Each structure stands twice: as C-alpha cells, then as structure tokens.
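Participant: What Swiss-Prot shows for this protein is this:
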MOD_RES   S490  phosphoserine
MOD_RES   S560  phosphoserine
MOD_RES   T599  phosphothreonine
REGION    577-596  region 'Disordered'
REPEAT    4-33  repeat 'TPR 1'
REPEAT    37-62  repeat 'TPR 2'
REPEAT    70-93  repeat 'TPR 3'
REPEAT    128-159  repeat 'TPR 4'
REPEAT    164-187  repeat 'TPR 5'
REPEAT    198-222  repeat 'TPR 6'
REPEAT    232-260  repeat 'TPR 7'
REPEAT    267-294  repeat 'TPR 8'
REPEAT    299-329  repeat 'TPR 9'
REPEAT    369-397  repeat 'TPR 11'
REPEAT    402-434  repeat 'TPR 12'
REPEAT    479-508  repeat 'TPR 14'
Amino acid sequence: MNLEPLRKRVRQYLDQQQYQSALFWADKVASLSHEEPQDVYWLAQCLYLTAQYHRAAHALRSRKLDKLYEACRYLAARCHYAAKEHQQALDILDMEEPINRRLFEKYLKDDNGSRDPSSDWEMSQSSIKSSICLLRGKIYDALDNRTLATYSYKEALKLDVYCFEAFDLLTSHHMLTAQEEKELLDSLPLNKLCAEEQELLRFVFENKLKKYNKPSETVIPESVDGLQENLDVVVSLAERHYYNCDFKMCYKLTSTVMEKDPFHANCLPVHIGTLVELNKANELFYLSHKLVDLYPSNPVSWFAVGCYYLMVGHKNEHARRYLSKATTLEKTYGPAWIAYGHSFAVESEHDQAMAAYFTAAQLMKGCHLPMLYIGLEYGLTNNSKLAERFFGQALSIAPEDPFVIHEVGVVAFQNGEWKTAEKWFLDALEKIKAIGNEVTVDKWEPLLNNLGHVCRKLKKYAEALDYHRQALVLIPQNASTYSAIGYIHSLMGNFENAVDYFHTALGLRRDDTFSVTMLGHCIEMYIGDSEAYIGADIKDKLKCYDFDVHTMKTLKNIISPPWDFRDFEVEKQNTEEAGLAPLQNSTKAPESRPNLEETFEIEMNESDMMLETSMSDHST
C-alpha cells in the first residue's frame with residue numbers, strides 16, 4: 001500500500017490545525033509502515049500538538065529514536081520542557097552520542113552516498129542543532145542560569161542566523177550589554193549562511209539593537225525598500241525615543257502601532273511604560289482590562305494592571321498583587337520586577353525595593369534602569385558611595401539619559417562638589433532641552449530646583465532665583481520651592497520678600513520646619529532694619545495686624561532669645577561645616593553688621609533645605 005497520500009494528509013491536517021485528525025491518521029500510518037522512524041516522529045509531533053507530552057516523549061524514547069536522530073532528541077526534550085520537567089529535558093539534550101548512532105550514520109552514508117539522515121524529514125542538521133541550542137537556552141533560563149542561557153542563545157544564532165527567537169530573547173530581555181550586542185552582530189557568519197539576504201538581516205538586527213542611540217529617521221537600504229511602515233521597525237524607533245526620554249513622540253508612534261495591531265507583543269511594554277510616564281491613567285485602565293480579559297496567561301496583562309494601580313497612588317498593595325502574578329507567570333519578566341520594586345520604594349521600604357531591583361538587574365544586564373533605581377535607593381539611605389557606584393554603571397549603559405545624569409549630580413552635591421554638581425545638572429538640562437527645545441514635563445521640576453540649590457551654594461543668587469521660578473511654572477504649588485526662593489532672598493538681604501515667600505510656603509505646608517525657623521530669623525532681621533519706623537505698612541508686611549508697637553520692637557527676643565557667646569561658637573562651627581557662614585550676633589550694633597548686599601549669614605544648619613532627588617520617578 002502506498003502510504004505517501006496518507007502522510008501528505010497528516011501534514012495537511014497539521015497545517016489546518018486539525019490536530020486530532022492528524023493524530024488519528026499518523027497513528028495508522030506508523031502501524032502500516034511497521035514503525036518507520038519518520039512516521040513515529042510525526043506521530044510524536046501530533047501527540048505534542050495535542051498536549052500529550054509524556055505520550056509523545058515515550059513514543060520516541062521507547063524506540064530509542066532520541067539516540068539515533070537529532071530531530072527526535074529535540075522533540076523528546078521539548079516534550080519534557082513543555083511539561084516543566086526541565087532537568088529531564090536537559091539530560092536528554094546533553095546525552096552523550098552513542099557509538100551505534102555513529103555507525104548508523106556511517107552506514108547511511110556508505111549506502112546512499114552523502115545522504116543526510118534527516119533530509120527526508122525536510123530539516124537541515126544546522127537548523128536542528130540551532131533548535132537544540134535554543135531549547136537548551138530556554139531550559140537554562142527556567143533554571144535561573146542566565147550565563148549558560150545567554151551562551152546557548154548565541155550558539156543558536158550562529159548556527160542559524162535566521163533564528164530570530166534566539167536574537168529576540170537576547171535583546172528583549174536585555175541579556176547583553178551594548179558592546180556585547182555589537183560583538184555578537186559582528187560574529188554572525190552572514191556572508192556564509194545568507195549571502196542574498198545579508199543586507200536584510202543586518203538591517204533588522206541593527207534596527208533592534210540601537211535602543212540607546214539617538215532616534216533618527218530610519219534609513220532603509222534600497223534592497224529592502226518597503227520596511228519603513230513595518231510595525232517591528234516602528235516599535236524599535238519608538239523604543240529609542242522612550243530610552244531618550246522623548247515620551248510624547250514615543251506615545252505617538254506606539255499609538256500608531258496599536259491602531260494597526262491592538263495587541264502587538266513587542267509594542268505593549270513600551271506603550272504601557274509611555275502611558276505611565278505621561279500619566280494617562282484612563283487609557284491604561286482600559287488597555288489593562290482588555291488585556292486581562294483576552295490574555296490572562298500573558299505576564300504583560302498583569303504588568304499593565306499593576307502599573308495602573310501604581311500610577312493612581314495609595315494602591316501599592318494591589319499593585320504588588322498583580323505584579324507578583326506577572327512574575328509568577330514569567331519569572332524572567334524584568335519590567336514587572338522593576339515595577340514591583342517601585343511599589344515598595346514609594347512606601348520607603350528600601351530593603352525590599354532593592355531586593356526587587358537586584359533581581360531585575362540580574363535579569364536585565366543590558367538595561368540601565370535597575371542600576372539607576374538601586375543607586376537611588378542607596379542615595380535615600382545615605383550611602384552615597386554605593387549610590388555613586390551604581391549610577392556610574394547606569395551611566396556606562398545609557399550615557400545620554402538625563403535621569404542618570406541628574407542623579408550623578410545629586411551625589412556630587414551631597415559630597416560638597418558644587419561645581420561638579422552644577423556641570424552634571426546643566427548637562428541633564430541640555431539633554432532635556434534637546435528633546436523638545438523647552439522643559440515642559442513636570443517630572444523635570446526637581447532638576448530645576450536642584451540647579452537653584454547648587455547656584456545658591458555657588459553664590460549665583462540671580463541664576464538660582466531664575467531656576468526656582470522656572471520650577472514654579474512646572475509645579476506652582478510646591479512649598480519647598482517657595483521656601484527655597486525665600487531663603488535666597490534672605491541671603492541677598494531682601495527680608496521683606498523672604499518673609500512673603502516663607503509665609504506662602506507655610507500656607508501650602510504648615511509643618512515645614514525650615515520655613516518656620518527661617519521666617520522667625522527673617523522677621524527678626526527685618527525689624528532690626530526697620531526700627532526707625534514701625535507703622536501700619538510694616539505690620540501689614542509681617543502679617544502682624546494684632547501686634548502693638550511694643551510687641552513689634554521686642555519680637556526679636558520673643559522669636560529667638562539672644563545667645564550667649566558659648567552657644568554662638570558651637571552653632572558657628574556647625575554652620576561652617578555645612579558650608580554656610582553663621583548669622584551675626586543680633587546684639588551687635590547695626591554699623592558692625594556686614595553689608596547686606598554681601599552674603600547673608602545665617603545661624604542655622606542648612607540640612608533642613610533638602611536637595612530634591614526624586615526626579616527619577618518610579619516609572620517603568
């Protein structure tokens with residue numbers, strides 16, 4: 001009986017996804033052919049596609065086909081991998097080649113010339129070997145051995161340069177640094193294995209690799225003209241905009257992709273991250289619910305839900321629950337680990353946040369975000385040395401990221417290196433301005449305030465005021481910005497303006513210790529300058545409508561009693577250590593006081609005026 005028509009019918013049913021029909025006829029063909037290896041292989045394929053993994057593996061291994069044929073060995077291992085029996089799958093792949101297999105292949109070669117034992121199965125040896133390396137990499141990934149997983153993926157790609165899955169696992173999971181990605185691309189034998197499509201492969205690989213490069217118009221080689229509108233190419237461009245902090249352009253591109261393909265797998269994480277950055281809570285809510293309804297077993301669905309609860313605030317427990325579900329579905333899903341760390345960081349749970357970030361750093365060696373957030377947590381726990389080290393690592397991966405540059409400037413400020421801090425802050429500001437010519441996103445407000453702080457330290461009071469006023473444009477109701485402006489006015493001797501700004505700051509935040517203390521000092525100094533005339537105008541300025549003249553004259557002693565000489569010396573030492581000159585003793589005669597146009601000397605520690613380190617907000 002000629003079995004070829006039945007074999008073709010089995011393939012036809014497989015192509016039509018009628019797996020039960022294919023299984024029925026594959027079983028009959030295997031019996032009719034007296035269990036020819038090829039027919040048993042296709043029977044096992046049908047069993048695998050109907051999720052009968054142990055039956056499929058038994059069909060191959062009971063006949064010792066996994067020891068004779070690479071394709072059967074690969075399929076048997078894949079069955080155990082699908083059943084989550086990772087060690088058994090690895091044992092099959094790493095099985096030593098038996099002597100009888102080598103004799104069998106020699107016999108085939110002698111009998112049929114140079115016939116490949118797998119040629120009848122329409123599979124090349126290099127393709128099967130590449131598939132084995134790919135599967136081995138996935139198993140190592142599941143066993144948390146990232147080093148061997150990376151090596152296996154590289155080998156799979158070198159054996160078969162068309163094996164995009166291996167390339168995608170290396171790049172989308174950030175398993176390689178930028179330098180390692182470049183070395184991998186240069187090591188691929190494109191000339192040997194794909195002379196005709198060499199230009200196409202080089203373009204698609206390079207387009208996916210350059211995520212930290214400055215986004216520019218995609219240059220398509222003439223031989224592959226027509227890829228401009230390809231969604232994968234557009235997503236790669238959007239990713240470059242995302243990593244260069246141009247979130248508006250990134251959102252525009254990802255929205256275009258989502259209109260054409262609403263569930264584009266590569267686009268979804270970038271689109272979700274952009275929605276978080278632009279604070280589009282309603283859109284993220286709608287998208288996350290749609291994803292959970294349609295793809296409940298996909299980690300990106302629960303990642304989207306977790307990001308939504310993180311964004312709305314005060315829902316961190318809910319966020320952790322859904323992000324934990326995402327990491328359970330795929331424990332190598334780095335973005336979910338980063339967001340999981342954010343849910344602890346916003347509650348100042350630094351140890352738990354860092355544990356999540358360290359997990360993300362192990363999974364995403366080529367991504368700068370885990371390093372950035374680890375450094376941020378170390379900075380918040382006053383460990384500036386370790387913070388500087390991790391920021392340095394983040395900067396080596398993403399040298400153009402203004403968030404990282406800003407945090408390096410914060411560390412320099414905390415170390416008292418004012419000039420260095422100013423350089424880093426200005427560099428970050430230039431990078432931001434290059435994105436959209438002007439600073440408009442409110443997340444850059446801490447950078448402007450920090451520029452104001454460092455300019456104040458360098459006695460550039462006019463510039464400092466300008467930066468703080470720019471910060472007020474972005475976030476108008478920030479008490480710390482008003483107190484910073486008031487502080488600069490007090491340093492310049494403009495006590496009337498200083499009092500106004502400190503009052504405004506206290507109106508926004510009544511428990512602001514710094515503003516309360518400084519308001520007392522400024523009122524004291526202002527009255528000292530105005531003793532010649534205390535009238536309704538002065539009382540109005542000081543918001544002291546119920547005070548009589550005697551109270552106004554003695555307000556200094558009520559607010560801050562005179563210090564004795566010994567106390568003054570101690571305070572002077574503290575302020576000098578903080579980089580500030582002390583306030584002159586208020587009992588001195590007015591003529592002995594320095595010119596108010598010079599530095600205003602304040603008798604208090606400036607530690608209450610905290611530098612803002614929150615520009616790197618907890619985004620994806």
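Even glycines carry a Cβ here, placed using N, Cα and C.
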Participant: Is S490 (phosphoserine) helix, strand or coil when read with DSSP?
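Facilitator: Note: S490 (phosphoserine) is helical by DSSP.
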Participant: Short question: which residues 6 or more past the ends of the repeat 'TPR 8' (267-294) have a Cβ under 8 Å from it?
Facilitator: 231, 235, 238-239, 242, 247-248, 250-251, 254-255, 257-258, 261, 300-305, 307-308, 310-312, 335, 443, 619-620
Participant: Test of understanding: give the count of other CB atoms lying within 10 angstroms of the CB of S490 (phosphoserine).
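Facilitator: Other Cβ atoms found within 10 Å: 23.
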Participant: Using a Cβ cut-off under 8 Å, which residues of the same chain at least 6 positions beyond either end of the repeat 'TPR 2' (37-62) come close to it?
Facilitator: 3, 7, 10-11, 14, 19-20, 22-23, 26-27, 29-30, 68-69, 71-72, 75-76, 78-80, 82-83, 120-121
Participant: Which residues of the same chain, at least 6 past either end of the repeat 'TPR 12' (402-434), have a Cβ under 8 Å from a Cβ in it?
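Facilitator: Distal contacts: 245, 368, 372, 375-376, 379, 384, 387-388, 391-392, 394-395, 444, 446-448, 450-451, 453-455, 457-458, 579, 611, 613, 615-616.
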